[in-house]
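**Student:** I have a structure I would like to understand better, so I am pasting it below and will then ask my questions one at a time.
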Amino acid sequence: MDRAAELLFYVNGRKVIEKNVDPETMLLPYLRKKLRLTGTKYGCGTGGCGACTVMISRYNPTIKRISHHAANACLIPICSLYGAAVTTIEGIGSTKARIHPVQERIAKCHGTQCGFCTPGMVMSIYTLLRNHPEPSLEQLIDALGGNLCRCTGYRPIIDACKTFCKTSGCCQSRENGVCYLDQGINELPEFEEVNKISLKLFSEEEFLPLDPTQELIFPPELMIMAEKQPQRTRIFGGDRMTWISPTTLTALLEAKFKYPQAPVVMGNTSVGPEMKLKGVFHPVIISPDGIEELNFANCSHNELTLGAGLSLTQVQYILGEVIQNLPEEKTRMYCALLKHLTTLAGSQIRNMASLGGHIVSRHLDSDLNPLLAVGNCTLNLLSKKGKRQVPLNEEFLRRCPSADLKPEEILISVKILHSRKWEFVSGFRQAQRQQNALAVVNSGMRVFFGEGGDIIRELSISYGGVGPTTVCAKNSCRKLIGRPWNEEMLDAACRLVLDEVTLPGSAPGGRVEFKRTLIVSFLFKFYLEVSQILKRMGPVRSPGLADKCKSAFEDLHSRHHCSTLKYENVDSKKHPQDPIGQPIMHLSGIKHATGEAIYCDDMPTVDRELFLSFVTSSRAHAKIVSIDLSEALSLPGVVDIVTEEHLRGVNSFCILTEPEKLLRTEEVSCVGQLVCAVIAESEVQAKQAAKRVKVVYQDLQPLILTIEEAIQHNSFFETERKLEYGNVDEAFKVVDHILEGEIHIGGQEHFYMETQSMLVVPKGEDQEIDVYVSTQFPKYIQDIVASTLKLPANKVMCHVKRVGGAFGGKTYKTGIMAAITAFAANKHGRAVRCVLERGEDMLITGGRHPYLGKYKVRMINMYKEIDQTPYKQEINAKNLIQCWKECMDMSSYSLRKAAVEKFNSENYWKKKGLAVVPLKFPVGLGSVAAGQAAALVHIYLDGSVLVTHGGIEMGQGVHTKMIQVVSRELRLPMSSIHLRGTSTETVPNTNISGGSTVADLNGLAVKDACQTLLKRLEPIISKNPQGTWKDWAQAAFDESISLSATGYFRGYESNMSWETGEGHPFEYFVYGAACSEVEIDCLTGAHKNIRTDMVMDVGCSINPALDIGQIEGAFTQGVGLYTVEELHYSPQGVLYTRGPNQYKIPAICDMPTELHISLLPPSQSSNTLYSSKGLGESGIFLGCSVFFAIHDAVNAARQERGLFGPLKLNSPLTPEKIRMACEDKFTKMIPKDKPGSYVPWNVPI
């Protein structure tokens, strides 16, 4: 083997040569730090979010074809890229040259908000279009299955996708076969005064056409290299790791013989995350490249042989071809495999992961191994000693030495037998989310009857997710051979399998009773499925199947996505240049889509920059006995470790009303508290050293994790506040009906796509320091940094260009981390950067807290038009009532409720639910001071305007709205107005950007500044009314009139007395209503959102596109809160869910298949900004319409089963809670563990 002189690949059409490459380097940091291509984003580092998606192109000299596939840059070792062409977001288009149609359409369809996920979205769509210039909508949605967005709710992204489809227009196909424009239960009411109503937010006619001939060509040099270069092994050596890339089978066998313990890595989707998250280290890695014997498919008369090196995407394609070409009876195994492959991970992972790697990894939740195990598949192995075959069976999956690969062997191929006549195969899985989520339980099942009769001749059942690896129910199957396929067999099978496939109450992953139930539920589904096929093949062969049961084995199919939007047109009498009320694109939208929008960690490295990494507590309540820094300090590159000792005298800062310590060295009160901070020359060195800091703890009592435990220990935050309205006790004595109970809502992670990021730069003179940080609260950052450094605030400047999502999570904890980073920078006189990894971020920052509410209600009603709140603030609820009525009409609630009831009466194992929920969301900050805002507007002599204000752009489009305000007030085109960002240098003493009030308050300040300028310039303008702003600015300058003005808004009036329980704390209320319809699978707990109708009272919308985007995004985050996002903690208080692999936010598959949004026409003027309303948070609550629709469906299932008692369901309503609430013979059949007899894996918090 010759050591390779260099690594050669292309990035965006340019050759890259690395002579001393480190095999531990991943493509993502290489692109961002080495090549300064920062458009590709870090979102999670584990391939779970899609923010780092790039396109990898390769040339295959054998078939003379170029392949393109989307991949996660965070998982790609650069050593694997020899001879490849990498295309990043910068390579497909830019504002400096030309933008690509994908970039244009996702921006102009309003598919970007914070924009952090947008480059990944664009690259996923772009790669698909390179392979399929006219894709179907299913292909596009599948391509985005591995991309997460926290802001938009996905609807506008789907709208952008639809513009590339072969067929577009309306819904394309509907569950009931009826278009929403037709009459019937899906009818939308007639839109009155059509000329006043708009139904579109963009114009397709203006889009650039997609021209495949204009794409970047594959580098000819790489084609020549692939054709003519001699096949020789490439070896790349780093300080700790050696990377060996054999290009022939002989060389691969030689390498494996020489390094038998080295893993064989193809896509790095298994080994990569293990090394990153579990600390596994491999000194040698073998990565085959282009070996034909590993990359082939051969379909013979009886079997299909697949090369172990084929990617899962290639396997998908091959299976599709085979299914088309073979008789149906031979393809049942292939159909089952293909079905699992469509939901396995995201497309980026399937493009990278190999079939062989998936099999050999033998993960406990592998989707393919349970199916392959029941199919009598054979693994073809090879080593220098020769060939060998082993069955893919339980012994192989349990890594029994006699059935496993020997260290020097490699897996060459997998042989899968065709199905036989009278042989049936099915796969089942249930996950927290329908797509791109590891299965909670999955299963493969196969039965063979032989010719004639219904007697079981062969039976194989395997499960994943219920043990350390795939488990085969061999003994149960053996006992069932020879039995007829009937109800008695099913009952026996369930009991046998439950006896054989056992789960202890403390099993890792928790959800033990749910998993046990799924074991038998899947078996029942298989029984029904096979019975139905047998019945079709001949009625004598199978037991009768009731019509109500037939839906049990049908999937919850997704259909084409369809949406309608309705908002009021702007007044045609207005000034034609006035942008207020227009659906204007987010002004950073194009930059988001081209990767040119700069976020905190995209800023170039400063000379001699250091990196800071935190050491956090690993105990929930403990005394710190000692901290040993010696080993960490001895590591190369480590400059310093900041502890509480360094911060003596400045180690606390008053947050709200309570002081909080920056670093802990005496006692910790939760896992994830900051203990110390390592400063090193590089990120890698800082993180490695942080792991070497040794902290010794002594646990303290009590350990309080849950609200119930806090109540038990009388552990409450001061001060208690309560509202009393009338004589409560007396009122309850005289009423006929009382409804009482309690509700528990689980916590929620913010999961902003951009993790906490900051860069602190000492200026070198006068003790000045610049803090660049992703925060919602620059003033607080300025204050805490100034306090920590013992400086006046005028020496500390905080700058925020934009934030990649925040949702309340980038305020106080961000300040603490910024203060420690600033301390390190000030101490060493060097710039210091700190960027949290996703797992660190989720551990350190907290989130939406859980909630326990106990209620007792004497009557259920809605506000009257003029009414009072419980704190005696008068409200006009006319618009609330109007929203409710319009939502009921728009959703055809009564007709659809009848249709749901009809469906439920005809289906036993599938149920639908329908719920409508009203919304009254108060907007206000509790005090006048908290609502003050300021702005600064400059007019330059060329007539251009620069505006800045105290609000933070975090995706909600506040900067866009502020420019709209300036445009209206100064009657100036938006193109003449610029906004650079937010800084304490230009606008001091800014309030926090939150509470849905950012545009309200800052807009009024901007308006005030503009009106001040207009008043000053009135004499100038009146002298030359036909002049331009350039003329007026020059004239004003010549007359010594200031062209700069500050604007100020003192805040909304607000008062609240907690002593009397009365006040006027809120300026106004956002009203709305939502109706959602769902379908649930009673056997698995899966659900799908069929349709949601929302009506919102937004006042006079400043920008309908941005406002609708806020409503949808908040609704989707609410759907996550109430149905899918679940935090898991250990009994010791350790957070398990630290990334997208464990914590599931809604993905594109969770969007309602049908979504209709209507903005209520403005009817009430107010003293807000142009009578508009703030919308950031209000829509979250409407997500509970999905919760209550599921509740309705579960109730229908329970009532049919004779369960009529009160139903208590806590949030989030996950598949586990849905399934276990749909009680049936299977939930009663499973063994139950006695509480206290085991230590559970997790504690519900």
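Any Cβ shown, glycine's included, is placed from N, Cα and C.
Values in this document were obtained by computation on a predicted structure and should not be read as measured data.
TrEMBL lists these features:
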DOMAIN    5-92  domain '2Fe-2S ferredoxin-type'
BINDING   C44, C49, C52, C74  [2Fe-2S] cluster 1 binding site
BINDING   C114, C117, C149, C151  [2Fe-2S] cluster 2 binding site
DOMAIN    236-421  domain 'FAD-binding PCMH-type'
BINDING   V264, V265, M266, G267, N268, T269, S270, V271, D367, L411, R429  FAD binding site
BINDING   Q776, F807, G995  Mo-molybdopterin binding site
ACT_SITE  E1177  active site, proton acceptor
**Student:** Work through the binding-site residues one by one (V264, M266, N268) and name whichever has its CA nearest to the CA of E1177 (active site, proton acceptor).
**Tutor:** N268
**Student:** Do you know the DSSP helix, strand and coil residue counts for the domain '2Fe-2S ferredoxin-type' (5-92)?
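**Tutor:** Per-class counts: 19 helix, 31 strand, 38 coil.
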**Student:** To the nearest whole angstrom, state the Cα distance for the pair G995 (Mo-molybdopterin binding site) and M266 (FAD binding site).
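**Tutor:** Just about 48 Å between their Cα atoms.
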**Student:** Using a Cβ-Cβ cut-off under 8 angstroms and a sequence gap of six or more, which residues of the chain neighbour D367 (FAD binding site)?
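**Tutor:** Within the chain, D367 (FAD binding site) has Cβ neighbours under 8 Å at H340, L341, T343, L344, G427, R429, A439, N442, G464.
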**Student:** Using C-alpha atoms, which one of the binding-site residues C44, C117, C149, Q776, F807 comes nearest to M266 (FAD binding site)?
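**Tutor:** Considering only the listed binding-site residues, the nearest one is C44.
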**Student:** How long is the line from the C-alpha of Q776 (Mo-molybdopterin binding site) to the C-alpha of C114 ([2Fe-2S] cluster 2 binding site), rounded to the nearest angstrom?
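**Tutor:** If we compare the Cα positions of Q776 (Mo-molybdopterin binding site) and C114 ([2Fe-2S] cluster 2 binding site), the gap is 13 Å.
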**Student:** Going by Cα-Cα distance, which of the binding-site residues (C44, C49, C74, N268, S270) sits nearest to C149 ([2Fe-2S] cluster 2 binding site)?
**Tutor:** C49
**Student:** Quick one: give me the count of other CB atoms within 10 A of the CB of C44 ([2Fe-2S] cluster 1 binding site).
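**Tutor:** Cβ-Cβ neighbours of C44 ([2Fe-2S] cluster 1 binding site) within 10 Å number 25.
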**Student:** List the residues in the vicinity of the [2Fe-2S] cluster 1 site, defined as same-chain residues other than C44, C49, C52, C74 with C-beta within 8 angstroms of the site's C-beta centre.
**Tutor:** L28, K41, Y42, G43, G45, T46, G47, G48, G50, A51, N72, A73, G120, R838, P1140
**Student:** Count, for each of the binding-site residues N268, S270, Q776, the other C-beta atoms lying within 10 angstroms of its own C-beta, and report the residue with the smallest count.
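**Tutor:** Among the binding-site residues N268, S270, Q776, the sparsest Cβ neighbourhood within 10 Å belongs to S270.
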**Student:** Going by Cα-Cα distance, pick out whichever of the binding-site residues C114, C117, V264 is nearest to C52 ([2Fe-2S] cluster 1 binding site).
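**Tutor:** So, spelling it out, the nearest of the binding-site residues is C117.
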**Student:** Are there any residues at least 6 positions away along the chain from C117 ([2Fe-2S] cluster 2 binding site) with a Cβ closer than 8 Å to its Cβ? List them or say none.
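**Tutor:** Within the chain, C117 ([2Fe-2S] cluster 2 binding site) has Cβ neighbours under 8 Å at K41, G43, C49, G50, A51, N147, L148, C149, R150, C151, M753.
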**Student:** Output the one of C49, C74 that, of all these binding-site residues, has the highest number of other Cβ atoms within 10 Å of its Cβ.
**Tutor:** C49
**Student:** Just to confirm: which same-chain residues, 6+ apart in sequence, have a Cβ under 8 Å from the Cβ of F807 (Mo-molybdopterin binding site)?
**Tutor:** R150, H750, F751, Y752, Q1117
**Student:** Return the member of C114, V264, N268, S270 nearest to C74 ([2Fe-2S] cluster 1 binding site) in space, with distance defined Cα to Cα and candidates limited to these binding-site residues.
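**Tutor:** So, spelling it out, the nearest of the binding-site residues is N268.
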**Student:** If you draw a 10 Å sphere on the Cβ of M266 (FAD binding site), how many other Cβ atoms land inside?
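**Tutor:** Looking across every protein chain shown, the total is 24.
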**Student:** Within 10 angstroms of the C-beta of R429 (FAD binding site), what count of other C-beta atoms is obtained when all protein chains are considered?
**Tutor:** 26
